[in-house]
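Features of the protein shown, as given by TrEMBL:
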DOMAIN    C:93-304  domain 'ABC transmembrane type-1'
REGION    C:1-24  region 'Disordered'
TRANSMEM  C:33-53  transmembrane segment
TRANSMEM  C:99-119  transmembrane segment
TRANSMEM  C:131-149  transmembrane segment
TRANSMEM  C:169-188  transmembrane segment
TRANSMEM  C:231-251  transmembrane segment
TRANSMEM  C:283-303  transmembrane segment
Amino acid sequence: MKKKALGAIAVAAAATLALSACSGGSSQASSTGDAKGEISYWLWDSNQLPAYQQCADDFHKANPNITVKVTQTGWDDYWTNITNGFVAGNGPDVFTDHLSKYGDFIKNGQLLSLDDAVKNDNVDLNQYNKGLADLWVGKDGKRYGLPKDWDTVGLFYNKDMISKAGITADQMGSLAWNPQDGGTFEKTIAHLTVDKNGKRGDEAGFDKNNVAVYGLGLAGSGSGNGQTEWSWLTGTTGWTHTDKNPWGTHYNYDDKKFQDTIAWFNGLINKGYMPKLETTVGASMPDTFGAGKAAINANGDWEIGQYLGYKGINVGIAPTPTGPDGKRASMYNGLADSINAGTKNPAAATKWVEYLASPACQDVVASKAVVFPAISEATDKAAAAFKAKGVDVTPFTQQVKDNTTFLFPITENAAKVDGIMKPAMDSVFSGKSPASSLTDANNQVNALFQ
Amino acid sequence: MTTLTKPARRRRSLNWGRISAWAALTVAIIITIGPFLWMLRTALSNNHALASQSSNLLPADFTWGAFARVFGLQSQAQAQAEGGSGASINFWQYLGNSLIVSTMITFSQVFFSAMAAYAFARLQWPGRDKVFAMFLGTLLVPGIFTALPNFLLVKNLGLLNTYLGIALPSMLMTPFAVFFLRQFFLGMSREVEEAAMLDGARHSRIFFQIALPNASAPIATLCLLTFIAAWNDYFWPLLVGNSPAVRVLTVGLGVFKSQSPQGAPDWSGLMAATLVSALPILLLFIAFGKKIVNSIGFSGIK
Amino acid sequence: MATTSLGTRKPSRREADSGGPKRVSRRRNIGDLRVALFFVAPAVLGFVLFYLLPTIRGIYLSFTDYSILGNPVWVGLKNYLKIFQDKLFWNAMGVTLEYVLLNIGFQTVIALGLALLMYHVAKSTLIRGILLLPYLVANVIVALLWFWMLDYQIGIFNQMLQWLGIPRVAFFGNEFWSIPTIAFVNIWRHMGYTALLIFAGLQTIPKQLYEVANLDGASPWQTFWKITMPLLRPVLLLVMVVTITGSFQIFDTVAVTTQGGPVNASRVIQYYIYQRAFSEQDFGYGSALSVILFIILAVVAFLQMKFLRGNENDLD
């Protein structure tokens, strides 16, 4: 998760205050009581605003006593506003929550737990795709969110480039990778790389210092998480970020499986198949893909709209390659809606959260074909809606169906881990240190949990 | 170069000096203007076409769409079709808020700073130089450091999401403003002041009737600089004034930055927003520019 | 702080010589204290509320272990002792120093050149106004704009380099180039503004001095060093104090572009403080870093005053 520091500073600043201003102790949300009045709901993705506005309108029709005011703010400022709202007491009643943030919110007693509501109103936690509901249970064993959507990682590729290279869509869909020689995945990447003179990466005389099109794009070193950068490779080796998830207390960056994968991945840069790390600081990876500078990009499904939007680029989507164990892997991240503990209208807020997590709303979201709702049936509906728009999203949904996903690693000290791992991974990716140097970084990381 | 005005026998070398001077100036102007032209080009482009036409010097798929987005005139669907942020913007309200906040800050900061500067420059009192040194010392305090307690203070005063809350921390003084005006007042003609003194004028009258009018040029300059700084401030107004009723333009136009993590900003929207929000200052500058640029008298700095 | 010598000495001495009205009234001990208090009251209030108290609070917190969760715990000098072994701190200081030297060095010379051009050649308000344009754009936006234009793969600037047959440069991503690039971006925004301040100072130099110098047959070079520079010193002092202290506060540009990378190459001190205090929620340590930074800046300012002798302009 790339942090935008500017927003983050305000968030952090406000968090500080929030912490000193509010005292802990979790309270329970419940829909019993007088559910009426106006409540506010915040989200960050403008692409999803129309869907949720419709949910709010439908909800109002069903519950004429409650009006929901939906506000959207871009990611950078969203968290600033959320935390400021906690402090100032004018935050939203209900908001879209993220796994990387909610641990802190729980610690400060800023969320209402939903266990009573789930029990009283018989919310079926099994209707969601497997694992999503579990992500939102805090260290204290209480539930702080109801799942709304999920994301996985896939390969976006330039159709014109692969057909020119004589590679079929089927071949793209059945790539195999291993950390020793990279398998057919590396061969494909090499073949798709073209230098200034038109020589391909697997041809003699390929000039790796003057590459026109890279086989694989690079967004960055991925810090300690690597969600879209390399986690879909390390995940196939049996390696996991932490000893257990969620709330692990030991990181595994010293593992040979991990370091071998990183070494191989880094090797793509040296071979000229992937851009140098230093060249990735600037425009976003999708934009360089849109400029025709890369043939394949690994990215999350939330970027589908971005990739399909580029003028003059024919985009195909393939699943991530299979690994040494013959299976694919993708990090599985989910969002949820949470209730601000400071809400003045917990009853209405609870009703709204339950509505957001219900098939009624998630089907509406599915029909807009922007993200994948958390409810299994709604996911299928979203896939169908994407299909109607001419996009086959099987590469993303397949990972969930085949159970080849692993959950977003949730631990404490996330910011400190990032502070250590970002420079360490940058150093490896820029060729300054060998992958084995990550053992030292791992020791520093694990010292945080002593 | 200082001899430009003079003798004929130097004409040859003088011309060379002039030519190189103009050459240097031209380079400076190109470097200054170039990025603005690129801003304009980007603002007139379709966001979806920007990447693929990165080497096209003309707008990529020309459209006024980005400007329409800035003024909140584009529908969600249209905006998304052009790769822009879909959020609608209440442009005129944010503009009004920016004007109110910036004006509040500018007038009261310059006025109070001028008072303090006058006391530091023209009055004799024990501890004067020590207090002034402390004022200057605040230039050295890391900015990150003070944002936090200040937010808390504004919150405790119940001023969150009010114009006053946004403006207050910079309304009473900034070290730069005090420093700037003090340097000017130091050089104010002593004779006039003493004559007024002998007439029995008090310091308040000298300040209002002699010092301030005399300093009109630097005060105008300072007003402009303060206004620009207030107009462009982002972090503080975001922190204390995010409710739509008091949201200023810089914060409001933040929607053009990335919508999602790892997403790209709405470049054309961002650039159009930047151009549009710089426009009021530009107008201000055109209105008062001549006076300010040409007579920014620091005649006082001695 | 040596700021007391900033120009005050001369007028006050003159005042003593000429025997001002205050002297006559024999109230020298408290002077104009009462009226002065009235004049400085609002500014002092602002100073105390929004600068002094936060600073004092920060100094207190620098002696505590304050994870932001819970209450600060007094730990004495622990944070300060830790700083001396903190390689990243010293790295950050080095990086910041590099930035300040590049930024101030180039900016001052360029701004001085532009100011001279404004003064002697470009008399049109339009041209002077154009040079001020970059300052009208917020620095976060300026940073984003250059981030976009200097991108390695699709930035227009690298495209132009390629047209000229020059290899592309990873301006923000390369360890060597990141700090010079960030310095340049800020020079771009501030050069016209700084030039305008210096230009204002140029206007205060009596024209007769140039005429005399000219009659004496002084070369432009001599005139510049013998007349312009000495007389410009007070303005240059103001400009230098403001720009150098501002330069040490570099944060925004780093935050929206490199975020300290690659590796630690652009992790300037303010960004490092921000990371430790806010991202990693070690507020006590961040405060201690801030205090050390403050002390270093104060020493720099002190030396600057001494060195530039800003209180004398050699005129009289």
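Backbone N, Cα and C atoms are what each Cβ position is placed from, and that goes for glycine too.
Where the transmembrane segment (C:131-149) meets the stretches C:33-53, C:169-188, C:231-251, C:283-303, the count of C-beta pairs under 8 angstroms peaks at C:169-188. For the transmembrane segment (C:231-251), the partner stretch with the most Cβ pairs below 8 Å, chosen from C:33-53, C:169-188, C:283-303, is C:283-303. With a cut-off of 8 Å between Cβ atoms, the residues of this chain six or more beyond the transmembrane segment (C:283-303) that come close are 1-3, 55, 58-59, 61-68, 72, 75, 79-80, 82-83, 89, 93, 241, 244-245, 248, 269-270, 272-274, 276-277. Beyond the ends of the transmembrane segment (C:33-53), by six or more residues, the same chain brings no residue to a C-beta distance below 8 angstroms of the stretch.
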